[in-house]
Ligand SMILES: Nc1ncnc2c1ncn2[C@@H]1O[C@H](COP(=O)(O)OP(=O)(O)OP(=O)(O)O)[C@@H](O)[C@H]1O
Ligand SMILES: Cc1cn([C@H]2C[C@H](O)[C@@H](COP(=O)(O)O)O2)c(=O)[nH]c1=O
């Protein structure tokens, strides 16, 4: 049995993470790899229940600190109940968002990066992906795609202002610069199949 792998897709709203997670899963399955597709917040029964708490309601429903704890709790359950067991069993787990989203989004609300990583160390034993694929688009393009998809109905996070989303993008960029071994920036413009090929190129060294 070949080794399991843990891949994450990251980026701002509407850049194509869910579309590419599905396309990458299909491409890997054609190579005979067993793939588990999952997402955050959510991915296990307990984490999906926490997702409902996080995604619904007023923008100010939770304090920034409470929100960071809820994301960490959801991830701890997801990692223990689903991600680690599936990777240990030899599957490739593709997760739509993970710890870097917390660093970017909760970081944009003033939560310190070191505190987020400390919570991750405790809750999820510091699990990091084998590769993180950071999808990038020119400013405003992801928003346009998301609005075309949602018809203007935004969740608690997407509804925040441009300054918030600029801060999210800047943190993703910083993480990609500082952790270049793990994180690859992927141009998400062009046709879906072109973007998928860029993702495959960015994990070529991990393929069996
Ligand atoms: N390469 C592409 N070109 C044009 N449209 C695309 C492309 N990839 C995805 N889309 C469309 O853009 C919209 C957003 O894509 P998707 O839902 O995959 O993004 P996302 O990053 O997962 O969004 P969110 O962060 O809001 O969950 C969808 O309507 C999708 O069909
Ligand atoms: C994992 C994670 C997510 N968020 C935010 C980012 C998005 O606005 C939503 C998730 O919506 P999606 O359509 O499922 O991508 O939640 C966050 O703030 N912190 C996190 O750790």
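Cβ coordinates are placed from backbone N, Cα and C, and glycine is handled just like the others.
Taken from TrEMBL, the feature ATP binding site covers 11, 12, 13, 14, 15, 16, 17, 18. Positions annotated as domain 'Thymidylate kinase-like' by TrEMBL: 9-198.
The C-beta environment of residue 18 (ATP binding site), restricted to residues of the same chain at least 6 apart in sequence and closer than 8 Å, consists of 39, 96.
Residues 135, 137, 142, 145, 146, 188 surround the recorded ATP site, their Cβ atoms falling within 8 Å of the Cβ centroid of 11, 12, 13, 14, 15, 16, 17, 18, which are themselves excluded. Under 6 Å, Cβ to nearest atom of ligand 1: this is the test, and of the binding-site residues 12, 13, 14, 15, 16 it is passed by 13, 14, 15, 16.
Around residue 13 (ATP binding site), taking its Cβ as the centre, 20 other Cβ atoms fall within 10 Å, counting all chains. Long-range Cβ neighbours of residue 16 (ATP binding site) (same chain, at least 6 residues apart, Cβ-Cβ under 8 Å): 135, 137, 142, 145, 188, 192, 195. Classification of residue 16 (ATP binding site) by DSSP places it in coil, neither helical nor stranded. In the shown protein chains, 24 other C-beta atoms lie within 10 A of the C-beta of residue 17 (ATP binding site). Around the Cβ of residue 15 (ATP binding site), 26 further Cβ atoms fall within 10 Å across all displayed protein chains.
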